[in-house]
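Peer 1: Per Swiss-Prot, the feature domain 'S1 motif' maps to 16-52; the stated evidence is sequence analysis. Feature annotation from Swiss-Prot assigns phosphoserine to Ser48, Ser51.
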Amino acid sequence: PGLSCRFYQHKFPEVEDVVMVNVRSIAEMGAYVSLLEYNNIEGRILLSELSR
């Protein structure tokens, strides 16, 4: 059975929050990631954000 764990009350992080992620794939527009501290929900980091 898969365990589910959340570290924060909110379902999603706020803008400008720093979170731990696992990169799932890299595409032309950016990277698809799993947000480790938010029950592994999927997110996307745009390429323009990665280059900052």
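Note that Cβ sites are derived from N, Cα and C of the backbone, with glycine treated the same way.
In terms of burial and nearby residues, how do these features look in this structure?
Peer 2: Per-residue pLDDT, averaged across the domain 'S1 motif' (16-52), gives 92.
DSSP assigns Ser48 (phosphoserine) to a helical segment in the three-state reduction.
Sequence-distant contacts of Ser51 (phosphoserine), defined as residues of its own chain at least six apart whose C-beta falls under 8 angstroms from its C-beta, are absent.
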Peer 1: Let me check the 10 A CB neighbour count of Ser48 (phosphoserine). How many other CB atoms are there?
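Peer 2: Other Cβ atoms found within 10 Å: 9.
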